[in-house]
Amino acid sequence: LAQSLFALFASSLAISLVFAIIPLCHNVVVLAVVMAVAGLAMGCIDTISNMQLVKIYQKDSAIFLQALHFFVGFGALLSPLIADPFLSDTNCILSNSTANSSSNLPHIRKSLVLHHPGNLSHYDLPMKGMVVTRVSYAFWIMALINLPVPIAVFFLLYKERMVPGFRRRLSADELAMETRPTEKDDLSTTVQRPRAAGGHDDLFSCCQSKNFRGASYTYFAVHITGALVLFMTDGIVGEYSGFVYSYAVEEPLSPSLFWGFITLGRLISIPVSYRMKPATMVFINVVGILITFLLLLIFSHSVVFLFVGTASLGLFLSSTFPSMLAYTEDILQYKGCATTVLVTGAGIGEMVLQLLVGSIIHDQGSYSFLVCGMIFGGLAFTFYAFLLFFHRMYPKPSSDVDVASPDKPAVTDDTGQYQR
């Protein structure tokens, strides 16, 4: 836990620093390096926060994962609204001819026709002239908004007495609680020593090869199929939010509508996940995604249904990620290793499918945007069906002891790993 909190502190602080530095980067190579640091920091936060929620709350983790990803969607919805007032419709660099006139740069995207996207060669964009942009303020505001996060993590480290050199003096009540003997002292020492010896408290324990010795093929199949489902669904989130604006052509349809319904869906999923199993929620999501894309293809000329379909897709995609994490970790008994695999698969899908769809739209036209979504939705449903099959084949725990109960003693399995 201490390693995870230190990593969260460093990563969240790095994001504030990166956002403050980005407007000062006047070289594209420097900007690329700074953005890479931001990507690494965000990847650490994404992986560690999901993994620790799963390991701490176990069977109750679905509710907390839904809450976590609600704030992810809320941030994605809020940040463009913060940046929008600082973005100008005029050209960022005014040439001598345009600086003396009041005309704005023509809206390039509106000039693109559906069958001929990406051909921008006939637009002459000035490279030298007066810079008219206030976008730097948006980055600095985001850096300040993010700054309370590392401060809060550091406070938690200090409160839990995990900061070297900043040991907090205990109050009389806390000191009495520390020194009071409990009935579980003997049990806790017998549990913690073997776990420490086995490296289970290490942040990178999932990477140790001894954890895979003697594992059945279904153990790896559950990881792979779960990651492939999120590869497709998170890839759909990335490609839809990235290209629906280009596909719609008209100004009113904004990605904010899509992210708004993702945020709303995650808010609704918090109480729903308390009543419904994660496997059922994932099934409803992947089927809903497939049906929505099918209807978008059928009613592709309807502007009204494009709005309805975008909202529907946002709702179905909203809880797929946290529900899949909760479902997969439930199969694998909450060891936390699956979370790392699933988060990585989701991140790769979000990156790769955007590039793939962008190149296909460039060559085949914007209608292929919906065709690609339909294919990805079908693949997500197929991989989920395989996951259900491997879940049925996965060996059940040898004991009927509730793995989530903190009151049960630890037992060892065949590999010598300790479980509750």
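Residue numbering: from 1, along the chain as shown.
Note: Cβ is positioned from N, Cα and C throughout, glycine not excepted.
Annotated in TrEMBL:
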| type | residues | note |
| --- | --- | --- |
| REGION | 398-420 | region 'Disordered' |
| TRANSMEM | 30-49 | transmembrane segment |
| TRANSMEM | 61-82 | transmembrane segment |
| TRANSMEM | 137-158 | transmembrane segment |
| TRANSMEM | 217-237 | transmembrane segment |
| TRANSMEM | 257-274 | transmembrane segment |
| TRANSMEM | 281-299 | transmembrane segment |
| TRANSMEM | 305-327 | transmembrane segment |
| TRANSMEM | 339-361 | transmembrane segment |
| TRANSMEM | 367-390 | transmembrane segment |
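When each of the listed stretches 30-49, 137-158, 257-274, 281-299, 305-327 is scored by C-beta pairs under 8 angstroms to the transmembrane segment (61-82), 257-274 comes out highest. Between the transmembrane segment (305-327) and the transmembrane segment (30-49), fewer than three CB pairs separated by 6 or more residues in sequence fall under 8 Å, so the two stretches do not touch. If one looks beyond the transmembrane segment (30-49) by at least 6 residues along the same chain, the residues whose Cβ comes under 8 Å of a Cβ in the stretch are 4, 7-8, 10-12, 14-15, 18-19, 21-22, 68, 203, 339-340, 343-344, 347. Through the fold, the transmembrane segment (217-237) approaches residues 262, 282, 285-286, 289, 313, 317, 320-321, 324, 327-328, 331-332, 338, 341-342, 344-350, 352-354, 373, 376-377, 379-380, 383-384, 386-387, 390-391, 393-395 of its own chain, all at least 6 residues removed from its boundaries and within a Cβ separation under 8 Å.
Counted over residue pairs 6 or more apart, the CB atoms of the transmembrane segment (339-361) and the transmembrane segment (367-390) come under 8 Å in at least three pairs, which marks the two as touching.
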